[in-house]
C-alpha cells in the first residue's frame, strides 16, 4: 500500500512556530481537506511534507519509505505530486514544456500529456504559448496539470482554486473528484471551504498551527462554528 | 543612538591612534586599504543596494586618478582644483556607464559595464596624454595648510576624515527614502515604479553615486602614490573589489568596508604567492556565496537566531474617517481601448467610465483581459488604440511612476511585495511621494531629508496600525501567510494616498471570515473618498461589495450594469458564472436560506 503517513509534524521559521504536532494519513483513493485561517499553518504543513520547509516529525512515511531524510525531488519520483501555492510555473517555457518538465522522472516518450489536455482543453489550445503569457487562472490549471504528469499516487494541492473564475472552480472540483474516484489520494489545502467539502470526504481544521478539529466533510459542513468562520455564514 | 555613539567612539579613537603602532610600509598598506574601502562602498551602493551590476567601478577609480594626474602634470593646475574636476569627471563617467542600465539589467548590464571598463584601460594604455603603459609620475603632493602629505602617516589622517565623511553619507543614503527606493527597485522594479519610483532616474543615480565614490578614491590614490599606471585599474583589481563587496555583504555598507579592509590585508599577506592569490579569492568568494549568502554582514543575524516569541496577530482594521460628499464626476474613463500583443488581441474597444467614490467590479473568465486592462490603466502597457482619462485628464501612455504621482495605486494578482524589505519599509516606500529630482537635498540639506524621513516613519506607524499590521512591521513579507501579504499590499497601495485604487483579486486566498473583513476595508476606503476598481472571482463578494459591475469576455465588454442585472444576464451566466461553485461569501446566508 502507498499510504502517506504524517505523525507529529512541526514547522518552525526562526523563532516562530508555524505548525505543531500535525498528524494524518491519506491512502490512494482517499481525500483529505485542510482548512483554516491565513497563518494557521496549512501551507507550511504541505511544504514540510515535501521537505521544502524546516521540519521536525516523529515520522513521515509513504508506504514503507521513510521520507524524513528524502530530498524533495525523490518524493515526486515515489509518487507524491505537489501543486505549490501561487502556481510557480516556468514563465519563459511553453505550456507543453512546463508539462513535460512535470514528467522529468519518467520517460518523456510515454507521458500522460494527452490526458492532461483532455482534462484542461484550454492548455491544449495554448500548448505553444509561453506560460508567462497565460492568465492567472490558466497558469493555475497548468500547475495542476504539471503535477499530474508524474502520475502521482497521492497529490498535495495548495489552493488550486486561487484566481479561478467560478466556472473553472467548478471544473477543478470535477477534475479532482474524477481523479480521486480513479484512485488518486488527495490532500487539499483551500480557503474555499465549499470546494473543499465538495471534493473531500475528511477534513482537518487548523488553528494557530495545530489541528483544532477533525471530521467528515459532511459533518463539518453543517457545524455552526465552521460555517461561521470558513464559509462566512 | 547613544549606544551607537558609544560603539563608534572607541573605533574612532583606535583609528586615530593606529599610525603610532605601525611601520612605514604597513602604513602604506593601510592607506591603500582605506582607498579600496571607499571604492567598495560605492560598489556596494550600486550593486548591493540598487541592484545594478556594475563592473566599471575600477574605471571610475581610474578616471578620478588619471584626471588628477593629467591636469596637474600636463596643464600645471594645482592639486585641489584638479581634484574637484576629477570628481566631476568620474561622476560624468558614472552617468555614461549608467546609460545602458536604462535598457538592460542583470548579466547583460554586467557585460556592458565590463566592456566600458576594458575600453578605459585600453585607452589609458595607448593614449599619449595618459602616459601609455608607463603611466604618469611626479603628481604633486596635495598641499594642505603646510602639512606635509608626502608622509604616509599624515596622509592617513586626510584619508580618515574623507573616509568618515563618505561612509556617513553612504549610511545616510541607505537609511533614507532614496536608499529605500533603490532597494525596492532592486527587489521588484515594476512594483517600485507603480509606487512612484522613477526607475530610469534612480538607476542613473546609483551610477552617479558609484562614480562619486570612484572619483574620491581616485584622487586620494593619485595624491598618495603620486603615480598612476594602467595596471592599478585592471580587471583583476575589479575582481578583487567585487570579492570585497561579496564577502563583506553587498547590501550592507559596513559589510563592504569590513570586506574591503579584510581582503586588502589578505592580499598583502599573499603577495609572496601572488600566482595563487586570485585563485584563493575565487575560492573564498564561492564559499561565502554558498554558506553566508548575506556576506559577513549577515553573520550576526545567522548566529544570533531570534528567540521564540509570541505569534504575531493581525489586529482589526481601523476605518478611515468618512469624507464629505463630493460633486458627481467621472474619476476614471476608458475610451475605446484596444491592446494587441503580436497578433493576440487582449482588449478590443473596451470602454467604461467609473464615477468618483464608486466600487466598480470587473469580472470575467480567466484570460478575458481583466489584468491587461489594469496594466493599461496603471501604465504598464501602452494601449494599441484608445484613451484613458483620470479625473478628465488624458493619462494614456504615461509611465507607472507618473501615474502613481497622479493618484493611481494598485495591487497585484500574484503579489509584488519587496521581498527583502520589511513590511514597514514596504509601506515607507509608498509613503514617499517626492520626485527623484528632490535628491539634491541629500548633499545640500541632509537635515531636511532626515526630518522628512522622521515624518514618513511616523505616518508609516499610523498606516500599519490602521491595517492591523503593527505586529508584522519588522517581518519579511515572504515569510508571511498569503492572506496577510495581501493585506500588506493593500496597506502599501493606500500609503501612496491614491484617488483611484485598483485591486487585482484581493480575496484570493482568503477564507469566508477574512473576505468579510476585506469587504469592510474596501468600503471604508471608498467612503474616505477613493474610487475603487476591483477584479475578483469571488462572486459573493462582488455582488455585495460592488456598486456596478463590468463583465469582460474575450477582451470585450459583454455586460455592464448593477450586480443584480449582471447576475441574471444570460451571456454572463454562460461565459462566466456557469452552474458552479462560488467561493466563500458574505451574502451566502441569504442564498442558503432560500435553498432550504
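The backbone N, Cα and C atoms fix where each Cβ goes, glycine too.
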Per TrEMBL, the range holding transmembrane segment, considering B:14-32, B:33-51: B:33-51
Annotated stretch (transmembrane segment, per TrEMBL) among the listed ranges B:83-102, B:183-202: B:83-102
Outside the transmembrane segment (B:239-266), six or more residues from its ends: residues with CB under 8 Å to it: 29, 32-34, 36-37, 39-41, 43-45, 47-49, 55, 57-58, 167, 170-171, 174, 183, 278, 280-282, 284-285, 288-289, 294-298, 420
The transmembrane segment (B:33-51) and the transmembrane segment (B:206-227) contact flag, 3+ Cβ pairs under 8 angstroms: yes
Overall pLDDT of the domain 'ABC transporter' (B:332-579), taken as the mean: 91
Residues of the parent chain within Cβ reach of the transmembrane segment (B:58-77), under 8 Å, 6 or more residues beyond its termini: 39, 42, 83, 85-87, 89-90, 93-94, 97, 116-117, 120-121, 124, 129-131, 135-136, 138-140, 210-211, 213-219, 221-223, 228, 232-235, 237-238, 241
Stretch among B:109-133, B:153-173, B:206-227 sharing the most Cβ pairs under 8 Å with the transmembrane segment (B:83-102): B:206-227
For the transmembrane segment (B:206-227), sequence-distant contacts whose Cβ falls under 8 Å of one of its Cβ atoms, 6 or more beyond its ends: 31-32, 34-36, 38-39, 41-43, 45-46, 49-50, 52, 54, 56-69, 72, 79, 82-83, 86-95, 97-98, 101, 135-142, 149-150, 152, 155, 158-159, 162, 166, 170, 173, 182
Contacting positions for the transmembrane segment (B:109-133) when only residues 6+ beyond its ends and CB under 8 Å are counted: 52-56, 58-59, 62-63, 66, 69-70, 74, 93, 96-97, 100-101, 228-230, 233-235, 238
